[in-house]
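Per TrEMBL, these features apply:
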- 27-47: transmembrane segment (TRANSMEM)
- 41-287: domain 'G-protein coupled receptors family 1 profile' (DOMAIN)
- 59-78: transmembrane segment (TRANSMEM)
- 98-120: transmembrane segment (TRANSMEM)
- 140-164: transmembrane segment (TRANSMEM)
- 205-225: transmembrane segment (TRANSMEM)
- 237-258: transmembrane segment (TRANSMEM)
- 270-289: transmembrane segment (TRANSMEM)
Amino acid sequence: MEDENHTVVTEFVLLGLSQSHEVQMTLVFFFLLFYMIILPGNILIILTIRGDSQLGSPMYFFLANLAFLDICYCSVTPPKMLIDFFSHHKTISYSACMTQLFFLHFLGATEAFLLMVMAYDRYVAICKPLHYTRLVNREVCCALVGATWGGGFIHGIALFALSIHLPLCGPNILDNFFCDVRQLVKLACANTYIVELLMFLNNGVVIVLCFTLLLISYTVLLLKLRTQSSNAKNKAASTCISHIIVVFVMCGPAMYIYGLPFQAAPMEKVVAVFHTVIFPLTNPMIYTLRNKEIKGSMWKLVSKYIPWCGK
């Protein structure tokens, strides 16, 4: 394929979620509301865990890292989407598209791997409580978190490398509100079978494998808890259920989008909204509403700086 016979794509046109101005303004209101909850909620989680010595266990250390990841993740696609709601000509440059694609998969994979680390933490706490302080100490926690970021980076850079080598000759219209590998593959002016297969292995297989392992591990933990009789049983079960809910909310949309190779996913844009915009909101809601320690510490922190809240 000769380069001189094809036009090099320098920017992409995003069709967005809707072409109706009224619908776009309605979506702006709801997405801004979500965004205003996501950022303060996750920042409050981090400040609460860092400021309360009673929340110094590995479980809360991982939760603070998950909240930080949510802040980063919800800063990849929503800001551009909100700006485009007020623009008649929604475009994104090639370099910005590739950057958005990389960070979307880098942070998404890191979060999936972190959920697996949190499952390991719960396994040791429930099944090997006498060895917990040795197997999940501060050094191990930092190493595990570092490994999740490293794994996420490898995943993101692999998809970035596959995407950046796609021959894009035009058209340059993406039927979505952000850049992703599935849309770019459709625009490639070459046989993309091998590329799609590699992307499926790197995306679909990885997310399905993570989901399966997480589901099996938490099922085993819940069965293990049934045989125990202690006051901590209900608390441990509640924590595991919170983790399971987050696993389903995160992995469900991802499996739907990336688990169907070589074919379009119906309602892909709607599912992508839940995956990239609404999902991060679930982290502070699920973990704080089901955890008395965090709720109590948050209330103390807020009351300290906003006195009328404590009255």
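Glycine too: its Cβ is placed from the backbone N, Cα and C atoms.
Bear in mind that TrEMBL entries carry predicted annotations, made automatically and left uncurated.
The model shown is predicted, which means the values in this text are computed figures rather than measured ones.
Within its own chain, the transmembrane segment (237-258) is flanked in space by residues 59, 108, 111-112, 115, 118-119, 122, 182, 199-200, 203-204, 207-208, 210-211, 214-215, 218, 221-222, 225, 265, 268, 271-272, 274-275, 279, 282-283, 286-287, 290-291, which lie at least six positions past its ends and keep a Cβ under 8 Å from the stretch.
Residues 58, 61-62, 65, 98, 101-114, 116-117, 120, 181, 184, 195, 198-199, 202-203, 206 of the same chain lie 6 or more positions beyond the ends of the transmembrane segment (140-164) yet place their CB under 8 Å from a CB of it. Between the transmembrane segment (59-78) and the transmembrane segment (270-289) there are 3 or more Cβ pairs closer than 8 Å, counting only residues 6 or more apart in sequence, so the two stretches are in contact. If you count C-beta pairs under 8 angstroms between the transmembrane segment (270-289) and each of 27-47, 98-120, 205-225, the highest count goes to 27-47. Under 8 Å from some Cβ of the transmembrane segment (27-47) lie the Cβ atoms of residues 17-18, 63-64, 67-68, 70-71, 74, 78, 81-82, 85-86, 277-278, 280-281, 283-285, 287-288, 294, 298, 301-302, all in the same chain and six or more residues away from its ends.
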